[in-house]
Amino acid sequence: MIAGPGRSAVGFPVARPRRLRRGAALRRMVADVRLHPADLILPMFVREGVTEPVPISSMPGVVQHTRSSLRKAAAEAAAAGVGGIILFGVPEHKDARGSSADDPAGIVQLAIADLVSEVGGDTVIMADLCLDEYTDHGHCGLLTATGEVDNDATLVRYGEIALAQAAAGVEMIAPSGMMDGQVAAIRTALDGGGHTDIPIMAYSAKYASAFYGPFREAALCAPQFGDRAGYQQDPARSAGEALREVALDLAEGADAVMVKPALAYLDVLRAVADSVDVPVAAYQVSGEYAMVEAAAANGWLDRDRVIMETLTAIHRAGADIILTYWAAEVAERLASRR
Ligand code: PBG
């Protein structure tokens, strides 16, 4: 045995980090990061014109709901204690300007009203605000004659959609289109319509990510030409660009900000969390879900442990709120633990 710095007289280490790891009760007591059902938001899809829920093959366990199956699943999620539900509409009719997005009888408006009456007050009813699910070309905005996404014309549409969602009773709006000035446009439209109390959770730092692949099946919204790299952030930029996007959104009136995807962008999440004092959300996206489900289906990893580990890591990196397709399941699991 060797005596020396950090060794006791008999030569053993004095400092032993392993002491606090012995036993589940001790580990539980010293844990810094705890997941809570109220911090989880469940993304849900509602599809127009179907009579049965439609499974999404690349997201096993997730479906495109009918209005009635949506109500039922939302009630279960609310009973499990999830903090919120964010709705994505899958309309029957798509056109160049995404008319269904702000049609008062559009599927997402009807579903918002359904959920407010079903679970309003128990969990926060949110809506994604974008055009890609509603346009026939699949881009997040209106196109110019030459096929570019027209930023400023799109802002007008976003304002109109915000008013339609507000009229349906939405409790929080989450714009995801990455148009410059979108938060200001939506805030102005909402305030002008008397909806000064509806908060905006901005998808502030949203990357042009291949991890959205399964979502495009879920929402039937793959771009028909080109990609979204002209408006979503480049993964190769440093976190500084994300901080600029966040600062702009806050100046425009955002009440909460988001980083998306989550697991591959934990550095960005930490930088954002350190720089703002509003709630910070992270979106564990469709591809993150699909990867784990696929590996688990092959027996290659322990599904439940990996789910909890990823969510813990995202929370530890600074997310106050996590959007995850596992929200209801995890909320239930957390509630059944001591
Ligand atoms: C755009 C939007 C997308 C996602 C959420 N909102 C798709 C995209 O930007 O291409 C992706 C979510 C996920 O992958 O789970 N309306």
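Every residue gets a Cβ built from N, Cα and C, even glycine.
Under the three-state DSSP scheme, Lys206 (active site, schiff-base intermediate with substrate) falls in the strand class. The annotation active site, schiff-base intermediate with substrate is assigned in TrEMBL to Lys206 (among others).
Annotated 5-aminolevulinate 1 binding site per TrEMBL: Arg216, Arg228, in sequence order. Long-range neighbours of Arg228 (5-aminolevulinate 1 binding site) (same chain, six or more residues apart, CB within less than 8 Å of its CB): His139, Cys140, Met178, Ala208.
According to TrEMBL, the feature Mg(2+) binding site maps to Glu245. DSSP gives Glu245 (Mg(2+) binding site) a helix state.
Within the same chain, residues at least six positions away from Lys260 (active site, schiff-base intermediate with substrate) with a Cβ under 8 Å of its Cβ are Ser176, Tyr203, Ala205, Lys206, Tyr207, Ser209, Ala282, Tyr283, Val285. Feature annotation from TrEMBL assigns active site, schiff-base intermediate with substrate to Lys260 (among others).
For Ser286, Tyr325, the entry in TrEMBL reads 5-aminolevulinate 2 binding site. Here the Cβ of Tyr325 (5-aminolevulinate 2 binding site) has 24 other Cβ atoms within 10 Å, regardless of which shown protein chain they belong to.
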Taking all protein chains shown into account, the Cβ-based neighbour count within 10 Å for Glu245 (Mg(2+) binding site) is 21
Top of the recorded positions Lys206, Arg216 by count of other CB atoms within 10 A is Lys206
Close to ligand 1, in the sense of Cβ under 6 Å, among Lys206, Glu245, Lys260, Ser286, Tyr325 as recorded positions, are Ser286
Taking only the CA atoms, the spacing between Ser286 (5-aminolevulinate 2 binding site) and Glu245 (Mg(2+) binding site), expressed in whole angstrom, is 23
DSSP output for Tyr325 (5-aminolevulinate 2 binding site) maps to coil
Glu245 (Mg(2+) binding site) to Arg216 (5-aminolevulinate 1 binding site), Cα to Cα, whole Å, comes out at 24
Rounded Cα distance, in Å, between Arg216 (5-aminolevulinate 1 binding site) and Tyr325 (5-aminolevulinate 2 binding site) is 15
